[in-house]
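To start, the structure under review is shown below, and the notes come after it.
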Amino acid sequence: MAALSCLLDSVRRDIKKVDRELRQLRCIDELSARCLCDLYMHPYCCCDLHPYPYCLCYSKRSRSCGLCDLYPCCLCDVKLYCLRPSLRSLERKAIRAIEDEKRELAKLRRTTNRILASSCCSSNILGSVNVCGFEPDQVKVRVKDGKVCVSAERENRYDCLGSKKYSYMNICKEFSLPPCVDEKDVTYSYGLGSCVKIESPCYPCTSPCNPCNPCNPCSPCSPCNPCNPCSPCSPCSPCNPCDPCNPCYPCGSRFSCRKMIL
């Protein structure tokens, strides 16, 4: 019974929705069948907005245009003809709204790609390429000689008056890999916003060696015990070329060097 009641509720909602749409269609039909002269223009209006130089009410109805008694001149001259928005103005507003939404969407997509490209310090993303307008199977990624090349190509076909027209779209972006990233470890994925992300399992680093233990070609020895070419001997017992004799029996004492040699 609970399932049947839920089904009946959904059917009632669908019926109400269809009734609303039918009422809207009836209102649109009534407005389109009504004479536009009663609402928008003077019977002798010759402006660019109205295609007829005279009021059509004289040929359709016995009475004259309803605005003739109130306004002796054309309302288009004083910009008062828009008592209610016409279909043409509504179309212009809808087109402007669609264009604004497209610009906002493109701005958000560029911001997202910029954030993804600058987030290499907190993730393993090496780069990102925007491939908007291409399908995932049309995107190709090639890694060779320390470089990543992202390319995409598509063919558009249009049928126009019995003939066919073709147009081609392609994109190609290339960037170099960091020195610490191996070509075999590079992967790519097609994410949200038509963005191809190039990733690696290890974090990219700016220097080829570990920043905590860098390789210094100028000091090949350990920094705690460097090789000093200026003092090859120990500083505690230096070699003195001016005192070749035993420091305990120096020259000039009561024992001469000759006696010591003998």
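Cβ from N, Cα, C; glycine included.
Feature annotation from Swiss-Prot assigns phosphoserine to Ser5 (among others); the stated evidence is similarity to another entry.
The feature phosphoserine is assigned by Swiss-Prot to Ser10 (among others). Long-range Cβ proximity for Ser10 (phosphoserine), meaning a same-chain Cβ under 8 A and a gap of 6 or more residues, is found for none.
According to Swiss-Prot, the repeat '1' annotation covers 34-38.
As annotated by Swiss-Prot, phosphoserine applies to Ser64 (among others).
Swiss-Prot lists 73-77 with the feature repeat '2'.
Here Swiss-Prot flags Ser86 (among others) as phosphoserine, drawing on similarity to another entry.
Look at Swiss-Prot and you will find Ser122 (among others) tagged as phosphoserine, backed by similarity to another entry.
Among the features that Swiss-Prot reports, phosphoserine is placed at Ser123 (among others), with the record citing similarity to another entry.
Positions annotated as phosphoserine by Swiss-Prot: Ser151 (among others). Residue density at Ser151 (phosphoserine): 17 other Cβ atoms are found within 10 A of its Cβ, drawing on all protein chains shown.
Taking a C-beta cut-off of under 8 Å and a sequence gap of six or more, Ser167 (phosphoserine) has these contacts in its own chain: Glu155, Asn156, Tyr158. Sequence annotations record features per position, and here Swiss-Prot assigns phosphoserine to Ser167 (among others).
Around Ser189 (phosphoserine), the same-chain residues at least 6 positions away in sequence with a Cβ under 8 Å from its Cβ are Val196, Lys197, Glu199. Look at Swiss-Prot and you will find Ser189 (among others) tagged as phosphoserine, backed by similarity to another entry.
Annotation source Swiss-Prot lists phosphoserine at Ser194 (among others), citing similarity to another entry. Annotation note: Ser194 (phosphoserine) sits in a coil segment as assigned by DSSP. The Cβ neighbour count for Ser194 (phosphoserine), using a 10 Å radius and every protein chain shown, is 18.
Marked as region 'C-X-P repeat region' by Swiss-Prot: 209-250.
In this structure the alpha carbons, written CA, of Ser194 (phosphoserine) and Ser151 (phosphoserine) are 13 Å apart.
Confidence over the repeat '1' (34-38), given as mean pLDDT on the 0 to 100 scale, stands at 46.
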